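As recorded in TrEMBL:
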{"type": "ACT_SITE", "residues": "D36", "note": "active site, proton acceptor"}
{"type": "ACT_SITE", "residues": "D175", "note": "active site, proton donor"}
{"type": "BINDING", "residues": "S9, H70, G146, F147, G148, G149, G177, G197, T198", "note": "substrate binding site"}
{"type": "BINDING", "residues": "H34, D36, H70, D175", "note": "divalent metal cation binding site"}
{"type": "COMPBIAS", "residues": "233-248", "note": "compositional bias 'Low complexity'"}
{"type": "REGION", "residues": "220-254", "note": "region 'Disordered'"}
Amino acid sequence: MPKAIIAPSILAGDFSRLAEEGIKMIKNSADWLHLDIMDGHFVPNITIGAPVVKCLRKAIPKSEVIFDCHMMVSKPEQWVHDFAEAGGDIYCFHYEATNNPSTLIDIIHKTGMKAGIAIKPKTPISVLFPLADRLDMILIMTVEPGFGGQTFIPSCISKIRALRHRYPDLNLEVDGGLTETTVTLAAEAGANIIVAGTSIFQATHPSTVIQTFRRIVHTYQPSSSPSSPSPLSPSSSPFSSSYTSSSPLPLPPP
């Protein structure tokens, strides 16, 4: 099973100081930064685009953290090269937003980014079966995408469990309504990547929440063997002593 990864969602951060918020999360032992990209069409809300991501990348180099770009947009094919040039590391598009996910995976990989597919709570996991062997990650939404601070949908647990049973070495990410209680449910079902916004950003001590979530995921990973190294999360760190040892290096080529 891939290693535990905690990815704070900047959707819950202060948009007037996103770079500061991102650096704060890195210093508090975040593995990735989850960037919620919304276009006002695929979902009703609007957040940020490639120009803002590019500015964030100038403030936070690739040597410091992975940018996990969750593309809640109607035409994900349109933005692949823009986000690659902006410094994105993972391009995770919604299955529901494209008619040709297979071609889109190829386009993403050709830019050097990793490819992920996200599915809404009502989308069956069977749509992923023909594509999974070419994916670096699957994101199971545990709320309806578009807004932060929503309530976790328990019926999504069965999807996580079924995907982990079918793909023991694939990165499974969960996003939406994640607290200590619901992280436990998701981790027990097999999720190894936890995206959380409100529960981390609004915490008095974000590092405590991040470490707690990471410990929960470790608890439910197979004890008979160590966690498999994830191609999305290198184990060593380039940081000075002011940063934590869990901070990842840039992604290797696909």
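Positions of Cβ are set from backbone N, Cα and C atoms, glycine also.
Taking each of the binding-site residues S9, T198 in turn and counting other Cβ atoms within 10 Å of its Cβ gives the largest count for S9.
Other residues of the same chain near the divalent metal cation site, with their Cβ within 8 Å of the Cβ centroid of H34, D36, H70, D175, are A7, S9, L11, L35, D68, C92, L139, V195. Of all the binding-site residues given, namely G146, G177, the one with the smallest number of surrounding CB atoms inside 10 A is G146. In the three-state DSSP assignment, the secondary structure recorded for H34 (divalent metal cation binding site) is strand. Shown in sequence order, A7, P8, S9, I10, L11, D68, H70, D175, V195, G197 are the residues of the chain, 6+ apart in sequence, with a C-beta less than 8 angstroms from the C-beta of H34 (divalent metal cation binding site). In this structure, S9 (substrate binding site) is part of a beta strand by DSSP.
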